[in-house]
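This report concerns only the one structure given below.
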Amino acid sequence: QHLPVGTTATLYFKDLGPQIGWTMVFLIEYTGPLFIYFLFYFRMPFVYGLDERFTSSPHPVVNLACICHSFHYIKRLIETVFVHRFSHGTMPLRNIVKNCLYYWGSKTRKIPYPTKNPFTWLFFFVSCPNYTYEVGTWISFTIMTQCVPVGLFTLLCFIQMTIWAKDKHCTYLREFKDYPSLRMPIIPFLL
């Protein structure tokens, strides 16, 4: 804008500290779990010791779990490089630890509704079906592996995604007066 002659304008800048690009954030977040899982899958001696009983597994589900886990994170790495577009160029570097601990939005806003795609039908019941599906996937993975660290990770995922889902749900309720009252943040009819 143009200021009238004799008017003084003061600009304030806030130092956000060191920044890191979003592509790098996601590459770091998704590479960690991929390699950490391999430490347990390959039964590394520094994790399990040298006892033969702990350094191999005869169960095929262990191999299937590794394939599923690896595919999930490799897919996310590929999406990060070739698919994602980020609305903000960077994120404060200090947030990378919180984001990594978890894994190791357009201007025209509208109410999301289900479409003919069956994967969108959860929009009848929840505001964030992507989180519902992801929690369901991690619960399935926990059952498949029957592994306590995976179960703890699933619990942490559920807690973090519930926080995000509640925030998004509250935003929808604030922005849209006609937002469907039946919808819950993440778990149909409960939460």
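Note: Cβ is positioned from N, Cα and C throughout, glycine not excepted.
Listed in TrEMBL for this protein:
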DOMAIN    116-191  domain '3-oxo-5-alpha-steroid 4-dehydrogenase C-terminal'
TRANSMEM  20-42  transmembrane segment
TRANSMEM  117-133  transmembrane segment
TRANSMEM  139-159  transmembrane segment
Using Cβ atoms and a strict cutoff of less than 8 Å, what residues sit near the transmembrane segment (117-133) while being 6 or more residues removed from its termini?
161-162, 164-165, 168-169, 172, 180, 182-189
Can you break down the domain '3-oxo-5-alpha-steroid 4-dehydrogenase C-terminal' (116-191) into helix, strand and coil residue counts using DSSP?
52 helix, 2 strand, 22 coil
